[in-house]
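Notes for the one structure printed next.
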There are 4 protein chains.
Amino acid sequence: MAGNTFGQLFRISTFGESHGEAIGVIIDGCPAQLDIDLEFIQTELDRRKPGQSKITTQRKESDTVKILSGVFEGKTTGTPIAMLIPNEDQRSKDYSHNTDVFRPSHADYTYYAKYGIRDHRGGGRSSARETAARVAAGAVAKLLLKSQGIDVISHVSSVGKINAPAPDFSNADRFIEEREKNIVRCVNQYVAEEMITRIDEVRKQGDTIGGKVTCYINNCPAGLGEPVFDKLHADLGKAMLSINAVHGFEYGSGFAGSEMLGSEHNDSPIPHPSPVGKGALIQTLTNNAGGILGGISNGMPIEFTVAFKPVATIMHNQQTINAKGEAAEISGKGRHDPCVVPRAVPIVEAMAALVIADHLLRHRASKL
Amino acid sequence: MAGNTFGQLFRISTFGESHGEAIGVIIDGCPAQLDIDLEFIQTELDRRKPGQSKITTQRKESDTVKILSGVFEGKTTGTPIAMLIPNEDQRSKDYSHNTDVFRPSHADYTYYAKYGIRDHRGGGRSSARETAARVAAGAVAKLLLKSQGIDVISHVSSVGKINAPAPDFSNADRFIEEREKNIVRCVNQYVAEEMITRIDEVRKQGDTIGGKVTCYINNCPAGLGEPVFDKLHADLGKAMLSINAVHGFEYGSGFAGSEMLGSEHNDSPIPHPSPVGKGALIQTLTNNAGGILGGISNGMPIEFTVAFKPVATIMHNQQTINAKGEAAEISGKGRHDPCVVPRAVPIVEAMAALVIADHLLRHRASKL
Amino acid sequence: MAGNTFGQLFRISTFGESHGEAIGVIIDGCPAQLDIDLEFIQTELDRRKPGQSKITTQRKESDTVKILSGVFEGKTTGTPIAMLIPNEDQRSKDYSHNTDVFRPSHADYTYYAKYGIRDHRGGGRSSARETAARVAAGAVAKLLLKSQGIDVISHVSSVGKINAPAPDFSNADRFIEEREKNIVRCVNQYVAEEMITRIDEVRKQGDTIGGKVTCYINNCPAGLGEPVFDKLHADLGKAMLSINAVHGFEYGSGFAGSEMLGSEHNDSPIPHPSPVGKGALIQTLTNNAGGILGGISNGMPIEFTVAFKPVATIMHNQQTINAKGEAAEISGKGRHDPCVVPRAVPIVEAMAALVIADHLLRHRASKL
Amino acid sequence: MAGNTFGQLFRISTFGESHGEAIGVIIDGCPAQLDIDLEFIQTELDRRKPGQSKITTQRKESDTVKILSGVFEGKTTGTPIAMLIPNEDQRSKDYSHNTDVFRPSHADYTYYAKYGIRDHRGGGRSSARETAARVAAGAVAKLLLKSQGIDVISHVSSVGKINAPAPDFSNADRFIEEREKNIVRCVNQYVAEEMITRIDEVRKQGDTIGGKVTCYINNCPAGLGEPVFDKLHADLGKAMLSINAVHGFEYGSGFAGSEMLGSEHNDSPIPHPSPVGKGALIQTLTNNAGGILGGISNGMPIEFTVAFKPVATIMHNQQTINAKGEAAEISGKGRHDPCVVPRAVPIVEAMAALVIADHLLRHRASKL
């Protein structure tokens, strides 16, 4: 049972290989009558696209999205929304050396083991190029959330060992404005400079480096999340872990919470008129819960962090094996990112927006 | 759309509240002709059950499981396996004080906000008692995996700031034997002593403490996991994050990987005859990948760690609010665990076994 | 991928064999705060239960249902509703002759071919006894529909070649009252007599006979059904075809419609103030559409008919084969129905109610 | 929860409106290493396409399909197969008269009632044009089935009251050859002539007529179908009922079976060496079961019939209403089929092939 579909009620299915004709996505279940701002969708894609700065891969793709169905006179009709992004700059020859040799820490071996066949050009389906389709779909989810006043925003919170301090995320527009002032997408300009320097240094060494993205969801209503398996943070976690290169996920107090005492960790609710009712919001002094209790949003901001490993393609000679299991040597070719986190920001937001949109629709069916 | 079902092909649905008649589970999709060892299922439940030592809650439940269907003359028949665990020691009166008051960092508020009604006795459906049903189902999944030579084993890798060193997990039987020698379920006896002392200390203070469980899956064949959303680690992550009190998940290099360089992080494959083919296994010098590349198992051991927050019920007076939003004070009553990780070990294993069993079946359909 | 689950948002999973401990069902996704009338659920079960009249099987089962979870103080809580029906009158010995011999037109051979093992006692999972669990779940769906003013009613429209005329179904209570006046469950008392006589005649010959059930759904709002695959009539059709012994389904003009001209078949809408809007209803002069256009309910009554084959167990000697493929002879034993349709009435209604409840919840997510 | 996805393991999602940019489909779950014969896919589409004869609509669409992903060097790779069919001959202006007026027995009203918005050009999503995407996907399913020796063949068994006799379907190639000798797609040449004459007569009157398609599946292995809800015939029934204009489905003895006695209806198995085992086939003297017992294929040919209503668009003046509920008159414009069954043949086969392919994959997981 293949796994190219995500979501239950707001559901996407992506398709396409990095060096095929096109990639794309179908959104099934987007409610009717939503205004579709194509320019906004394109802006989101532009933040993910390659070739945008010196610290991203130099592959050039305009990533121009085209809507094939589901939108009529600027509004969704309730039918499937198909979006297509043609591939342009496919230098498939760059990958001819990969035919028989498995690149270390890439999916070459596992795709081969699973299917007995693989499209070796640039990773094929395992390429992060597939995430462009997610960003396009996520942009539609964001439009849905915006219509309900919900903002999903994220930034780069670390590159290697350089960590950004906790930002003020209360104003989404200002947050995005600050973040987009620098090419690494960290809202703290000072730390951003350090991060850029570090990435550039690593890039010059033909190496790569990991990092983290932290995401905030403001104004999420209380009540989203479905016990006991489809907890809101469980679905957010799965969404994030499905992004290429992600090795960890934590929300609220996260891993640090495992070192705390209950008396430190508990969040005290603040008295507040009628906490239960339509649009009910609870307020707590601290937010170790990360906005989620028992798998259900409590109305506080949702906060989580995603850890990315360093990109596997490095410009060094590496020992590996070929399909016969014999020793082989490989050196990275092609055009790759020295650090994925600047381009991962819109992907993290897209996947988070998809989860929240899905749970908004799911929540409608929980009460009469 | 409710979320009480987990898995696609090996699929479970749980039901029941902590203070209702019974809890239970249906397994749909367990292949026919599997030998069912009821004693083994009971042993797994006994490791999760309350009242087993001084560092667990004193609530008494024998947690005796009964199979209602799907097994005939000791073998599965391919039809749904229903298992029932009656509730015995329900001191519902202990919870009468919860009717109108929301316990801090509990799901009381969010269930109320979501459904407009809640079974306030002991958390109802949000109680970790529900996980007994998962352990019963997971035991069946373990029997399936054992028949294929796959072992799922875990232990407590930290309590608060006390961390266990990386264990030798190559021999599953010995690993389990060592782990069960102490009540905290850490394979390192020396560290286990420290952990027990710490938990006992915290318990005496009426407080609670967090911890981590690390899990290993040995002999998992290459090829499990479904790109691009149902990556093996994404489903493992969701499974773990769906367990009560979990705040974080990482696999392989995890969060530490985000601080590394590509040249440090890449795992080099070791030459090995015919790596591709039936039961293909790759071997790498290091295992930063945690046994999974591109979301597909590569044949190396799968390794991941789960972070648990401290239990929210503490025996201190705490400030909170009631359903009207007014200030209220609450002090923990009932019988609770000072630290969940010793009892979480079988739950982590159960959920991991369910994910692997599901992906084993899913993988069958990926090649002709 | 096993198939013991039905529905998407209002979803049921059934379990249990005819001669095991118990049968039962989990409903997941029933909205919270629905009043549960246990007596109503039991009444529905009583209409399906064996031994209720001379024209049904003499197997005795009280079919007493017990709710294990999901209901608190008489109302649903939004958590899974588990219901259990113990098996009582299991004369398993009656079936010892079936161990190696395949009964003609029974599922004995196919279960064996599929699973390589089978619970031979009374059909095991393939027994129509499983439908008791559906009736219990369907009763909850009916309570949900009643709270929205929707009625699901059906009766026996034919037995063998004896056909009832089209009934007046505009008043659900009167319809049910008339239907329950006779043991065959046909609202036309005169035709009912004929049917009963025919069934009794067939029964005395040790034979069985087929029949049809016709179902009406009143006050179903316009807009239910999900293009293009989950059309309302497609889901109704699947639901009906999943009932034991069903060989055909038609809605609206049905098979007769295939003989008509478009000019005869088209239903003309009657002018009506504001047909589009909340609770919009269209009215048409005829109802060849059966209340559904393009897979979506149009507000007119939904009408469909279900064809049941004669029960396969007859009291005659029949030629068959055993598991080795050798010739064998078999004569029906056990206690069986001479005609299933009188007991099928509540099953048809239960499955229809489950489909409508599911689509009611699904429809909520189609507009913002 | 939208319904544009069909199948569980061999799963398709279609998109597109009749007068939008394009229609298309994603197949997710097609096993890797299947040879893809693009010419075969195109031939299937050509049998469904408009404008192929005097008894089909004169709309011209070349329906040229393009594969965007999932196929590499002529073989499937296990990744999603996206196929695109551009729309060419969109005379949207033909439909400007539909903006506010609901065509009788069309989905205009119900889409409007459901979504509050609709693409009025030619039915939009409710147009049978969507079925071209199904035929493309079904052709891939047929290639999968052919690789396993399974044939899915159908023909027109009635037009209005003209019925074809039961055909010899034992040789699939000869069956198709005979069927394609005439434009109505009935294997009996004599009856085909009558049918064509009747359709032509109706067409000249500006009217339309219904009909039936009967389908046969040869060499389907025993064991396909998942009790208790996803019975093989229940999934076939849903698949057929999801096709535009279908009003009825029956398999095996069908509706006629409801008039029979058990002693007439039961199929007697013929002694046969080792009926149970790999590729097990049972043989019965008659086939009232239609190849399916207890929802599981028994190895005999699968047989079912699908009833189509007459096309709703007729060239007569008809009374209807507009969106305000006021009386309005409408006369059919645009280019339409006088009878859908000749073009429905490849659609019925496509949906049947999708069901069987899906259940083949599902069946793999039922035994260890």
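Keep in mind that glycine also has a Cβ here, set from the backbone N, Cα and C atoms.
Quick caveat, the model's predicted, so the values are computed rather than measured.
Over in TrEMBL, the protein carries these features:
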- B:Arg48, B:Lys54: NADP(+) binding site (BINDING)
- B:Arg125, B:Ser126, B:Ser127, B:Asn244, B:Ala245, B:Gly294, B:Lys309, B:Pro310, B:Val311, B:Ala312, B:Thr313, B:Arg335: FMN binding site (BINDING)
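Between the C-alpha atoms of B:Ser127 (FMN binding site) and B:Lys54 (NADP(+) binding site), the distance comes to 21 Å.
The binding-site residues in question are B:Arg48, B:Lys54, and the one with the fewest Cβ neighbours inside 10 Å is B:Lys54. Proximity to chain C, defined as a CB-CB distance below 8 A, holds for none of the binding-site residues B:Ser127, B:Ala245, B:Lys309.
Separation of the C-alpha atoms of B:Arg125 (FMN binding site) and B:Arg48 (NADP(+) binding site): 17 Å, rounded to the nearest whole number. Annotation note: B:Arg48 (NADP(+) binding site) sits in a helical segment as assigned by DSSP. The C-beta environment of B:Val311 (FMN binding site), restricted to residues of the same chain at least 6 apart in sequence and closer than 8 Å, consists of B:Thr208, B:Ala245, B:His336, B:Asp337, B:Pro338, B:Cys339, B:Val340.
When each of the binding-site residues B:Ser127, B:Thr313 is scored by how many other Cβ atoms sit within 10 Å of its Cβ, B:Ser127 comes out lowest. The secondary structure of B:Lys54 (NADP(+) binding site), as reduced to three states from DSSP, is coil rather than helix or strand. Listed binding-site residues: B:Arg48, B:Lys54, B:Arg125, B:Ser127, B:Ala245, B:Val311. Those with a CB under 8 Å from a CB in chain A, in sequence order: B:Arg125, B:Val311. If you take the Cα of B:Thr313 (FMN binding site) and the Cα of B:Lys54 (NADP(+) binding site), they are about 17 angstrom apart, rounded to a whole number. In this structure, of the binding-site residues B:Arg125, B:Ala245, B:Lys309, the smallest number of CB atoms within 10 A of the CB marks B:Ala245. B:Lys309 (FMN binding site) and B:Arg48 (NADP(+) binding site) have their C-alpha atoms 18 Å apart, to the nearest angstrom. Across the residues annotated as binding FMN (B:Arg125, B:Ser126, B:Ser127, B:Asn244, B:Ala245, B:Gly294, B:Lys309, B:Pro310, B:Val311, B:Ala312, B:Thr313, B:Arg335), the widest Cα-Cα separation comes to 44 Å.
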